[in-house]
Amino acid sequence: MERDERPPSGGGGGGGSAGFLEPPAALPPPPRNGFCQDELAELDPGTNGETDSLTLGQGHIPVSVPDDRAEQRTCLICGDRATGLHYGIISCEGCKGFFKRSICNKRVYRCSRDKNCVMSRKQRNRCQYCRLLKCLQMGMNRKAIREDGMPGGRNKSIGPVQISEEEIERIMSGQEFEEEANHWSNHGDSDHSSPGNRASESNQPSPGSTLSSSRSVELNGFMAFRDQYMGMSVPPHYQYIPHLFSYSGHSPLLPPQARSLDPQSYSLIHQLMSAEDLEPLGTPMLIEDGYAVTQAELFALLCRLADELLFRQIAWIKKLPFFCELSIKDYTCLLSSTWQELILLSSLTVYSKQIFGELADVTAKYSPSDEELHRFSDEGMEVIERLIYLYHKFHQLKVSNEEYACMKAINFLNQDIRGLTSASQLEQLNKRYWYICQDFTEYKYTHQPNRFPDLMMCLPEIRYIAGKMVNVPLEQLPLLFKVVLHSCKTSTVKE
C-alpha cells in the first residue's frame, strides 16, 4: 500500500491552518525519548549509536537519510525533490501518493478560495482540490494506476496525457467516477481486478461515501493480493499448512468445516505472542475530579504515551522470532516507516481499554477554546471520521491477541518501503504470517468466513490514517483526541 508523505517543513493541514515545525509556545516541548535511540543502537553494536534520526515530537528514532549528492530533480506539481517518473510525469513521492489515493478513493475535494492556490512544498497540503487539479493539468495519468490499488503501475512506459478541461472538470466533480461505476455495474463484476468488483461492498455500513469507496478499493486490493498468492505453486516451506490455499473456496453461505490448527501455525503464533508486552501502560492517566486539564497538559500526556508505546515497539522488535533473519538497517528502516501504524494498531486493540477508558476520562476534562475549534483543519476532520469508523470496526470484530500479533507482524513486514536491502526476504516473511493469520482465523472462527479479509482490510486504513495524522498540526492533537475518544466511548456505552 502506498504510504503517505511526511509533512513538509512548515506545512499545515487542510483548510488553510498553519502547521508548526515545533510545538507552539503555549505547549511544552514533548519529552525526549533518547532511550529509544540507545535501544535501537543495542540491536547492532557496530552502530555505536551513530544514526540519523526522525523526530517524534522532539524525540528521535533512527532513519536512513537519502544521499544529498544524488541528482536533484524537481516535482512538476509542488517543486519538491522528485524521485522519478510517476504516472507519466516527474514528481515527488508525496504528490505521487496523493494522486493515487485521490483516484483510487474517488475523492471529491473543495477549494475555499478561487481554485488557483499556490502549490509549493510548504503549501501543497493546504488545498487538496488545487493539488489534484494541478496533477491532472500537468498530465498525471490516472489510467496508469492499478485498479486494485496495490503498488506498481499498470504501464510504467505511459507518459503524460493531455485531457480536456471538460474531462478534468468531470473528474474534479466526481461525475467521471459515477459514470465509471455505472458502467461496471451494468457489465458485471466477474473479474476481481476490474473496478466493477468495488460495487460488491456498497451495502456495507460506513460513516460516509469516502469510507465506503475506500473500503471497496481495499477489498479489491485484498482479492487481487490473495489471487496472486493462491495462483502460485506452494513453496516447500509453506506446504506444512495444507489449509492455507483453500480460502478461495469458502462461501459466506457455507462455512468451512471445523478442523484443528496446524501445530507449526500454533508454534509460530505462540512465538509472536511471547514477543508482545500486554501489560497495562505505565503512563499515569488518572486525574482528580473537578480538575480542568489544559491544552498543554493534555499534549504533554499524549507525548508521554507515544514515548511509552514507541519504546514497547522497539523492545518487541528484539524479541521477534525472525529477528536474526534481517539486517539492522532493514529493521531501522521498517520501524522508521511503520512506528505510527504500530502504535495506532496497538491502541485500537490490546491497549484499547486504557486508551478509550482512562485517557478518554482525561480528555473529557479538557475544554478547547473557540479559537481552537475555529482553526481545526479539514485534515483533522477526516482523521476523526476515519478513526471513529476504524474503532467501531475493531470493536465489532473483537480482535483476539493472536490476531493482533499476526496483523502487527504483517503490517511491520512491509516490503514496499524504500531503502530496504532484503525486500524479497521480507515478502516471504510477510506471506508466512499472512497465511498463518488466515489459518488461525479459519480455525478459531469457523462461522465467520469473511473474518480474515475484514482483518486485512483494516491494515490499509491504519496506514492511511497514520499518514494523515502526520499532517495534522501539533496544537490540534488534543482536540482531535478529545473528539475521537468522547465519540467512541459514548457510542460504546450506548451499546
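Backbone N, Cα and C atoms are what each Cβ position is placed from, and that goes for glycine too.
For reference, Swiss-Prot has these:
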COMPBIAS  9-18  compositional bias 'Gly residues'
BINDING   C75, C78, C92, C95  Zn(2+) 1 binding site
ZN_FING   75-95  zinc finger
BINDING   C111, C117, C127, C130  Zn(2+) 2 binding site
ZN_FING   111-135  zinc finger
REGION    187-268  region 'Sufficient for interaction with UIMC1'
COMPBIAS  202-214  compositional bias 'Low complexity'
DOMAIN    264-495  domain 'NR LBD'
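Structure with Swiss-Prot features highlighted.
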residue: C75; record: Zn(2+) 1 binding site; Cβ within 10 Å: 23
residue: C78; record: Zn(2+) 1 binding site; Cβ within 10 Å: 26
residue: C92; record: Zn(2+) 1 binding site; Cβ within 10 Å: 25
residue: C95; record: Zn(2+) 1 binding site; Cβ within 10 Å: 28
residue: C111; record: Zn(2+) 2 binding site; Cβ within 10 Å: 15
residue: C117; record: Zn(2+) 2 binding site; Cβ within 10 Å: 20
residue: C127; record: Zn(2+) 2 binding site; Cβ within 10 Å: 25
residue: C130; record: Zn(2+) 2 binding site; Cβ within 10 Å: 21
_Cα separation, C111 (Zn(2+) 2 binding site) to C75 (Zn(2+) 1 binding site) (Å, whole number)_ = 22
_Environment of C75, C78, C92, C95, the listed Zn(2+) 1 site - residues of the same chain whose CB lies within 8 A of the CB centroid_ = L76, I77, G79, D80, A82, S91, E93, G94, K96, R121, R124
*Could you give the Cα-Cα distance between C130 (Zn(2+) 2 binding site) and C78 (Zn(2+) 1 binding site), in whole Å?*
11
*Write out how many residues of the zinc finger (75-95) are helix, how many strand and how many coil, based on DSSP.*
3 helix, 7 strand, 11 coil
*Could you give the Cα-Cα distance between C117 (Zn(2+) 2 binding site) and C78 (Zn(2+) 1 binding site), in whole Å?*
11
